[in-house]
Amino acid sequence: MTDTQNKNYIIALDQGTTSSRAIIFDRDANVVSTAQSEFVQHYPQAGWVEHDPMEIFATQTACMTKALAQADLHHNQIAAIGITNQRETTVIWERDTGRPIYNAIVWQCRRSTEICQQLKRDGLEEYIKDTTGLVIDPYFSGSKVKWILDNVEGSRERARKGELMFGTIDTWLIWKFTGGKVHVTDYTNASRTMLFNIHTLEWDQRMLDVLDIPREMLPEVKASSEVYGHSKSGIPIAGIAGDQQAALFGQMCVEPGQAKNTYGTGCFLLMNTGKKAVKSAHGMLTTIGCGPRGEVAYALEGAVFNGGSTVQWLRDELKLINDALDTEYFAGKVKDSNGVYLVPAFTGLGAPYWDPYARGALFGLTRGVKVDHIIRAALESIAYQTRDVLDAMQQDSGERLKSLRVDGGAVANNFLMQFQADILGTHVERPQMRETTALGAAFLAGLAIGFWSSLDELRNKAVIERVFEPSCEEAHREKLYAGWQKAVARTRDWEPHENEE
């Protein structure tokens, strides 16, 4: 432990979908410097999305060098590296050369849809849900691995001989940073592959057989907070978590019933369920997060399709606002939405409805409705959808929501945060540090090497900037929410199904 006493910094590598970032934290968890580098998105066909793994590694290395230079630090002052990454994105490379045999297939890519349809036809939905906690979807890594092995000649045979390696982005980066010495992933990333038994915490042989994926190519799976190996310059790599789970840990949601919402284009909600892997009756995913010391804790995950994108629609298509920041001002000009509800089912409805045939609608229009009411209804829709998901999570888990921690771009909107607290009837806690994903990776790495000694010490670092307390009567809250549920019901099943056209 003494070695870390002279090393006062931790570097978090945040490898995202559109850019690589490096953030250096000091012992008080303050950001000392950050560097960011975007990379190319490849769209070879409609619905296909790829990245160049070598470019990801190059941008991530460059960011690390740049962040160190900006802070005037040398690598021997860094106590550890923590890694957080875009989840599910799949890389296969040669063990001997470290060269990928194909581009990385990104989580958004839909090319393996037919493979997933076949899994459904084979009656595997219940088995996959029970074993991996996931639904059958091209989103997850398993079908992407099969697609590469099916389409790159000779690759399956080479994988059987141990010549090829599979990894999600964390695994790929660690392999490169350690000079090909360490082939490892953590439980949070493994839980997103559709190949991992989340109960036994082992790769699932039946899923490997079904998808014809040789076990020889899979990484070892370890806890999210331990020393996995060292970079070529000798820095311990000591923390790994997928981006949403890293944010959950960075928000210190380590006890059952603690939840966070990341408000982005859509919303990502995760609720810690502790030692209990809860099977959802509402289409939530059962996934692995981190407990107080980075050990396995289970979580429920739900996604809202249209959050910030609803505000973008007001700005870009309807031209009602010039800037997303203006919504707070306009929403505050009226005392309520005047009975207006906007259901932003532009691409159908996500959790807990899962209705691809729903379409967006505005309800409750009268001659007295102004632009301000519509803008307010758009913001309120984000809070209502968040409640939809959190209510379902509470029903599934039997855990009462203790409070909601929030991060992402929209948390700067005080109107939205206050309305969120009102409609949930619970505290909404906004952290001072907005870099919660990177902070989670730094916390996990720091705990592993004794840079930070305890959870209490971390809690003191994860400072809450503002708490929004519910200010509305329960009867009024439930009346508003009943109106939302009525509006949602009327958007359902709008689009004709294929066989009806």
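Every residue gets a Cβ built from N, Cα and C, even glycine.
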Residue from Tyr43, Tyr139, Tyr187, Tyr298 that Swiss-Prot also lists as binding glycerol with Arg87, Glu88, Asp243, Gln244: Tyr139
Annotated companion of Arg87, Glu88, Tyr139, Asp243 at the sn-glycerol 3-phosphate site, Swiss-Prot, chosen from Thr17, Thr18, Thr327, Thr347: Thr17
Are there any residues in the same chain, six or more apart in sequence, whose C-beta is under 8 angstroms from the C-beta of Thr17 (ADP binding site), and if so which? Gln86, Thr89, Val106, Trp107, Gln108
If you count the C-beta atoms lying within 10 Å of each candidate's C-beta, which of the binding-site residues Thr18, Ser19, Gln244, Thr265, Asn413 ends up with the smallest number? Thr18
State the Cα to Cα distance, in Å, between Gly308 (ADP binding site) and Gln244 (glycerol binding site), rounded to an integer. 17
Once DSSP output is merged into helix, strand and coil, Thr18 (ATP binding site) belongs to coil
Record lists Thr17, Arg87, Glu88, Tyr139, Asp243 as binding sn-glycerol 3-phosphate; longest Cα-Cα distance in Å? 15
I'd like the Cβ neighbour count for Glu88 (sn-glycerol 3-phosphate binding site), meaning other Cβ atoms within 10 Å of its Cβ, all protein chains included. 25
Number of other Cβ atoms within 10 Å of the Cβ of Gln312 (ATP binding site) across all protein chains: 14
Closest of the binding-site residues to Asn413 (ADP binding site), Cα to Cα, picking from Thr18, Ser19, Arg87, Gln312? Gln312
